[in-house]
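Reading through the structure tokens given below for one structure.
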Amino acid sequence: MVEGRVIKAYNSFFYVMTEAGLVSCKLRGKFKKRRQSTGVVPGDRVAIELLPDGTGVIEQQLPRVNLLRRPAVANLTQVILTFAAAAPDLHPLLLNRFLVLAEWSGIPKIVICVNKMDLHEGPWQDFLRDYETIGYPVVRVSAQTGQGIDVLRSRLRGEVSVFAGPSGVGKSSLLNQVNPALTLATGHVSEKIKRGRHTTRVAELLPYEGGYIVDTPGFSAMEMAELQVTDLPHYFPEFRPYEGACRFSPCSHTHEPGCAVKAAVEERSITRERYDAYEQILQEVKEAQMLARKKEYK
Ligand SMILES: Nc1nc2c(ncn2[C@@H]2O[C@H](COP(=O)(O)OP(=O)(O)OP(=O)(O)O)[C@@H](O)[C@H]2O)c(=O)[nH]1
Ligand SMILES: [Zn+2]
């Protein structure tokens with residue numbers, strides 16, 4: 001048996017990258033019946049049996065670390081949250097929404113990437129320093145001038161990364177700068193998304209420098225409804241030291257007296273911007289859940 005990683009699934013074939021190279025595999029018939037609900041998806045690590053004709057059979061699905069659902073991809077190690085310094089402007093609330101979704105997804109490393117630094121005029125109000133203090137690395141780049149691209153490349157090495165972020169911030173342009181071969185693979189996908197067919201898409205892992213880059217848009221705001229309101233504080237890393245320190249448990253950190261998180265905001269250990277984003281996103285999650293429930297009853 002050989003271990004490998006599924007980098008692409010197509011019809012009933014799975015392309016598995018092993019130390020000896022790429023092997024086209026089928027699933028063991030019996031395996032199909034007891035597979036996990038989502039089945040074997042790109043990113044999954046599997047054990048395969050090699051056949052004399054050079055193809056393989058997937059015998060076993062190895063345990064997963066995390067799973068993005070739309071489109072399905074497993075075992076990501078890093079998300080590059082991509083925004084633009086201008087056109088479109090970077091708004092803290094939008095950044096915070098993406099940060100929450102990224103924390104919720106269980107992907108271990110989260111990097112903030114600000115593209116189009118060339119477009120920025122005048123003093124760059126670097127509110128992102130607060131985010132670096134929280135522990136999120138920030139990479140400032142320009143796909144146009146090439147500024148910062150080496151730093152981005154070094155972050156991608158050996159990781160399984162996904163680029164997520166709003167439309168038009170320059171994700172495709174950045175991939176093209178990192179390595180033109182990546183855009184050849186993702187360009188047509190972007191077209192499909194624009195035509196609104198992304199729900200039926202499957203993700204593909206593109207090998208890059210000892211790791212992979214995955215051609216999915218990451219996550220969308222629709223997924224807000226799936227978040228647990230009581231888990232939300234946990235997705236703000238700088239709130240975590242205050243877990244269990246509030247007078248009430250659970251505490252929503254909004255109206256309750258004796259709230260340790262609100263005290264930390266007063267002492268400026270938590271920024272007002274992040275606390276406001278927390279309150280706003282809490283409302284959004286509640287509203288998304290009410291909408292989802294209404295639809296269920298219809
Ligand atoms: N000035 C400047 N423009 C850029 C830069 N990067 C990308 N652009 C432009 O921004 C626009 C959007 O770039 P894309 O790479 O298509 O953005 P995207 O994030 O892939 O967009 P979607 O496919 O909609 O998700 C294009 O017109 C690019 O030429 C940059 O660093 N500086
Ligand atoms: Zn509290």
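Every residue gets a Cβ built from N, Cα and C, even glycine.
TrEMBL does not curate its annotations; it predicts them automatically.
According to TrEMBL, the GTP binding site annotation covers Gly165, Pro166, Ser167, Gly168, Val169, Gly170, Lys171, Ser172, Ser173. Residue environment of Gly165 (GTP binding site) contains 24 other Cβ atoms, counted within 10 Å of its Cβ in all protein chains. Look at Gly165 (GTP binding site): DSSP puts it in coil.
The feature Zn(2+) binding site is assigned by TrEMBL to Cys246, Cys251, His253, Cys259. His253 (Zn(2+) binding site) carries neither a helix nor a strand DSSP state and counts as coil. Sequence-distant contacts of His253 (Zn(2+) binding site), defined as residues of its own chain at least six apart whose C-beta falls under 8 angstroms from its C-beta, comprise Pro233, Phe239, Cys246, Cys259, Val261, Lys262, Tyr278.
Here TrEMBL flags 65-222 as domain 'CP-type G'.
Residues or ranges marked as domain 'EngC GTPase' by TrEMBL: 74-220. Mean model confidence of the domain 'EngC GTPase' (74-220) amounts to 86 (pLDDT, 0 to 100 scale).
In terms of DSSP secondary structure, the domain 'EngC GTPase' (74-220) contains 58 helix, 31 strand, 58 coil. The 6 Å Cβ screen around ligand 2 retains Cys259 from the binding-site residues Gly165, Ser167, Val169, Lys171, Ser173, Cys259, ordered by sequence position. Of the listed binding-site residues, namely Cys251, Cys259, the sparsest Cβ surroundings within 10 Å are found at Cys259. Sitting within 8 Å of the Cβ centre of Gly165, Pro166, Ser167, Gly168, Val169, Gly170, Lys171, Ser172, Ser173, and not among those site residues for GTP, are the Cβ atoms of Thr82, Ala84, Asn115, Leu174. Residues within less than 8 Å, Cβ to Cβ, of Lys171 (GTP binding site) and separated from it by at least 6 positions along the same chain comprise Thr82, Phe163, Gly165. Here Cys251 (Zn(2+) binding site) is positioned 43 angstrom away from Ser173 (GTP binding site), judged by their C-alpha atoms.
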